[in-house]
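Comments concern the structure below.
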Amino acid sequence: MQKQQTLKDKFCLQGKGLHTGLDIHITFCPAPEESGYKIKRVDLEGQPVIDAIADNVHSTRRGTVLKKGEVSVSTIEHAMAALYALGVDNCLIEVDAPEFPILDGSAEPYVSEIKRVGLVEQETPRDYYIIKKRMEVSDPESNSKLILLPDDEFTVDVHIAFPSKVLSNQFASLETLSDFEEQIAGARTFVFVREVQMLLEANLIKGGDLDNALVIYDEPLAQDRLDALSDMMGVERKQVNELGYINNKPLIYDNEPARHKLLDVLGDLALIGKYIRGRIIATCPGHSINNKMARLIRKEIKQNEAQAPVYNPNKEPIMDINRIKELLPHRYPFLLVDKIIEVGPDYIVGVKSVSGNEPFFPGHFPGEPVMPGVLQVEAMAQVGGLLVLNTLTEPSSYSTYFLMIDKVKFRRKVVPGDTLVFKLRMISEIRRGVANMRGLAFVGEQLACEAEFMAQIIQNKE
């Protein structure tokens, strides 16, 4: 199972702010596991910290703005996309201004530095949220829509459309995060010339220029008007004779604007706080609709904090009943696990089909058969025993004895016809032959039972 990661070392970048025009210093630092992304405003008294999560997004006009109390920080999306795509789970970001520097308008400078310092694996497993149902958010006014579908991986498709002679319809896609560096990271932010005056009058894009954004000239303007806009931006005047892109650097990709919109989608969804497995289809996305989806996913995560494993009954098991009997001493009527469907270095998923013929149902209870809670815990413990034995080179030589069962909770009745799916995960590394695990038992998507276990591993067989 993939572990959480943080930076091996800190790195620093310097550049001007897109909207403030300030000279900004930003430092990315390693952070403890389970801390996520945190942003520290080192220029303010007390150096307040803002959690980079979707719930803290205050504004989405021309960028994503986080706010906590009176403290805010903006233009974070390019950095967030780079951290997320390159597999950084935990990072403390120190910045001395109310926004991140725009740099070259893409995520490439962040990617380059992350690659340079490298990553270090941490102890805690990365917790993915698996999308199991269609989710959709939309905005009829802007024709924006984000659809999230179940998928084994994380993929993104983006379609953008503008009423423009230069930029009308474009598509971009990302089939795996490992392609981000090559296919998406270098795509720069963009703006239409016709929007520039309005943005300047709104006290925005003070740091914008022809090096850190694609400037799209799609409606003819008199040269004196173009000169006036150049003067307002503080950039060199430029003679423009035809519609198109007016930049100091050529397009990196033919569909660079669409790729940048995909970059923004990643950056805004990084604020979910977890990696997800699902397919995103984004139509005319923007920071507002991206944040709407991120908030919806966070709400789903909170409502389903303990998420059931994916169970496909047609899939060949990792361990069938015969292999289980080779490892566990239990036999009928006390062998309470039918198969193992998934196993990793520190977790396991097992299945128990609860039949109406179980020997305990006639007495528990007549007329209302309910699986005893203690037997649910026993079944979970047997799956946990298989997890422990799976870590050993010669598992058939060992037995597992449970020393303690703690924090047991029963959430719903288990009745004939139910299928119990157990997921157990190591809480810590096995030390001196003692293993600590947390177990969850599900019926469908519902949590039925949970408990924590301590077990002793003993070599007692030839």
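Including glycine, each Cβ sits where the backbone N, Cα and C put it.
Binding site for Zn(2+) per Swiss-Prot: HIS260, ASP264, plus HIS78 from the candidate set HIS58, HIS78, HIS159, HIS364. Listed in sequence order, the residues GLU77, ALA81, SER106, ALA107, ALA187, THR189, LYS261, LEU262, LEU263, GLY267 complete the 8 Å Cβ shell around the Zn(2+) site centroid, once HIS78, HIS260, ASP264 themselves are left out.
Neighbour counts of Cβ atoms within 10 Å were compared across the recorded positions HIS78, HIS260, HIS287, HIS364; the minimum falls on HIS364. Calculated from their C-alpha atoms, the gap between ASP264 (Zn(2+) binding site) and HIS287 (active site, proton donor) amounts to 7 Å. DSSP gives ASP264 (Zn(2+) binding site) a helix state. Each residue contributes its Cα atom, and for HIS78 (Zn(2+) binding site) and HIS287 (active site, proton donor) these two points are 12 Å apart. For ASP264 (Zn(2+) binding site), the Cβ neighbour count at a 10 Å cut-off comes to 25, with all displayed protein chains included. According to its DSSP assignment, HIS78 (Zn(2+) binding site) is helical.
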